[in-house]
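Taken from Swiss-Prot as is:
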- 1-19: signal peptide (SIGNAL)
- 57-606: domain 'PLA2c' (DOMAIN)
- ASN98: N-linked glycosylation site (CARBOHYD)
- ASN114: N-linked glycosylation site (CARBOHYD)
- ASN149: N-linked glycosylation site (CARBOHYD)
- ASN183: N-linked glycosylation site (CARBOHYD)
- ASN298: N-linked glycosylation site (CARBOHYD)
- ASN328: N-linked glycosylation site (CARBOHYD)
- ASN365: N-linked glycosylation site (CARBOHYD)
- ASN459: N-linked glycosylation site (CARBOHYD)
- ASN476: N-linked glycosylation site (CARBOHYD)
- ASN507: N-linked glycosylation site (CARBOHYD)
- ASN533: N-linked glycosylation site (CARBOHYD)
- ASN561: N-linked glycosylation site (CARBOHYD)
Amino acid sequence: MHLPSSLLIAAPLLANVSAEPIRIPQRDVSVVSTSQQLAVRALPDSPSGGYAPAVVDCPKTKPTLRKAVDLSNEEKNWLSIRRKNTIQPMRDLLKRANITGFDSETFMNEAANNISQLPNVAIAISGGGYRALMNGAGFVAAADNRIQNTTGAGGIGGLLQSSTYLAGLSGGGWLVGSLFSNNFSSIETLLSENKVWDFENSIFKGPKEAGLSTVNRIQYWSEVAKEVAKKKDAGFETSITDYWGRALSYQLIGADMGGPAYTFSSIAQTDNFQKAETPFPILVADGRAPGDTIISLNATNYEFNPFETGSWDPTVYGFAPTKYLGANFSNGVIPSGGKCVEGLDQAGFVMGTSSTLFNQFLLANISSYDGVPDVLIEAVTSVLKEIGAKRDDVSQIIPNPFLDWNNRTNPNADTLELDLVDGGEDLQNIPLNPLTQPVRAVDVIFAVDSSADVTNWPNGTALRATYERTFGSISNGTLFPSIPDDWTFINLGLNNRPSFFGCDVKNFTLNANQKVPPLIVYVPNAPYTALSNVSTFDPSYTMSQRNDIIGNGWNSATQGNGTLDSEWPTCVACAVISRSLDRLGRQTPAACKTCFERYCWNGTVNSKDTGVYMPEFKIADAHALDSGAVAIGKMVNVWSSVVVGVVAATLLL
């Protein structure tokens, strides 16, 4: 059934009175108030003043590594503020949900006096290139009470403000990194300004506002290459990830030249983060042990947060201060005569590290890229061979902060460099690992999955990978809900609508010191109002395509503003309070039981191969030809484009 197109053009920026599915409008600055306009971060704090790290005087108390036995003191102190800040938006969210038989006001009053009772909420945004960024942006926008109409009928506005953590990897990491690199501006603001998220020009072409034509694209790449060269001239190793991260920054960070001096650790110095007015950002990457080319579930998972970088896995089981990643750590300390370094955690470099993927695609045949002169093809081929020999297809952190750290278990303990790759290469394409750690005590994770598992739609592979990882020693005893096979996801429709996993805590058998894992609210990318299964490697999108996919993500998050399920906001609220009610030994409200019967996977399995997966629109096709519909097998190799630009620009240095 197709709804009238007039029902699809209502925007979250404009008032409406009905719970209809929305379509994000074209760019219109006039609908955004002055107070909402994009605030450029004022903390480009790299000591070099640019992309290059720099040696600095160590503080009186030199930075050290710590074992991962608990949260850092900095995170604990921040949480003491943030958890209290989530009380009012959560109170409003639960009140609007109007759960029959549940006194939300009394519940929240009790939680205000006992924070351990307060639900601890996290949001995880999967990888998947621009598809993941745009689909994830739709979810984040729908959950943000700063945006009009998110708190009306069918809305879930305030869920973002009720959340403690916001994690991303690869394309989802671009979203998280972009939000925090722009003062945690709303999606509404980012769409309405012209400084970021202009995907019409691919990374290879460069930013439109620079006035660059096909002829002078090399000037853009020359600026990228010059900044990376400064890092190398300062004595630090560089890789293709440096170029990739620099190019990404032009699209994601609203500052001149993509903010080369902006660092990830400087998020901790921003006013809204210090006041804990935002969730806690986490980006994820995988470790690559010396000599490895295939990333398995046993790979060490690393996280970047504004305070620390490291791993909870028993292999490394330690964290280094993010601000001092480039320091000469050995066995957890900076030895006498060792140097402190700041600026290695450049924001684009961290986002690029979480999204390398180059070890899979750089050796592709670039001769198919239209318009590349033969001389450049020859030069690129030469560079690719050198990259393969030097293993520069990964993100390198040199010196390795975990040198001589946990020598018995750490695969990189005796290497001078720490090699990191795309956070989804171990198939855990949703950044769940940091959020399932018992010390973080997360109750519910809203897992937004934009993976390209089957015809560029997800089929639960990312969840299943995290579940299967719990059977190995690498999980360190961390539990995760049971996840069925891929065909069960498809045949039961678990990948075509929100699905809950781990609803009944009685299904978990706990050994000593184990804790019940979070409830997982799985929100898969599906065709609500757009064919949002665009290729991971599509390098550019029209404004209409971008907005349609973001609008589709909104409709996924809200079930079409309640069009598909008017009780969806109630079910979201039930997921939020579920673990808290279990801890308190209280009965599940009847309305929540109804929700759980509707959305919880009940253990049924149907593994029959039913052929090619081609889902139909769940609401209506909002401009089929304009939505970015993908032809299966289409692949635009943006990675080759990046390398071509890098080589060409380097020739001009």
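Glycine too: its Cβ is placed from the backbone N, Cα and C atoms.
Packing around ASN476 (N-linked glycosylation site) is summarised by its Cβ count: 15 other Cβ atoms lie within 10 angstroms of its Cβ, all protein chains included.
Across the domain 'PLA2c' (57-606), the prediction's mean pLDDT works out to 90. With respect to ASN114 (N-linked glycosylation site), the closest of these glycosylation sites in Cα terms is ASN183, chosen from ASN183, ASN298, ASN328, ASN459, ASN533.
For the pair ASN533 (N-linked glycosylation site) and ASN561 (N-linked glycosylation site), the C-alpha distance works out to 21 angstrom. The glycosylation sites recorded for this entry are ASN298, ASN476, ASN507, ASN561, and the Cα of ASN561 lies nearest to that of ASN183 (N-linked glycosylation site). Nearest Cα neighbour of ASN298 (N-linked glycosylation site) among the listed glycosylation sites (ASN328, ASN459, ASN476): ASN476. Distance noted between the C-alpha atoms of ASN328 (N-linked glycosylation site) and ASN476 (N-linked glycosylation site) is 28 Å. Within 10 Å of the C-beta of ASN114 (N-linked glycosylation site) there are 9 other C-beta atoms, taking all protein chains into account.
On the backbone, the CA of ASN459 (N-linked glycosylation site) and the CA of ASN476 (N-linked glycosylation site) stand 26 Å apart. Of the recorded residues, ASN561 (N-linked glycosylation site) and ASN149 (N-linked glycosylation site) place their C-alpha atoms 10 Å from one another.
DSSP gives ASN98 (N-linked glycosylation site) a coil state; it is part of no helix or strand. ASN561 (N-linked glycosylation site) falls within neither a helix nor a strand when secondary structure is assigned with DSSP, and so counts as coil.
A Cα-Cα distance of 18 Å separates ASN149 (N-linked glycosylation site) from ASN98 (N-linked glycosylation site).
Sequence-distant contacts of ASN98 (N-linked glycosylation site), defined as residues of its own chain at least six apart whose C-beta falls under 8 angstroms from its C-beta, comprise THR570.
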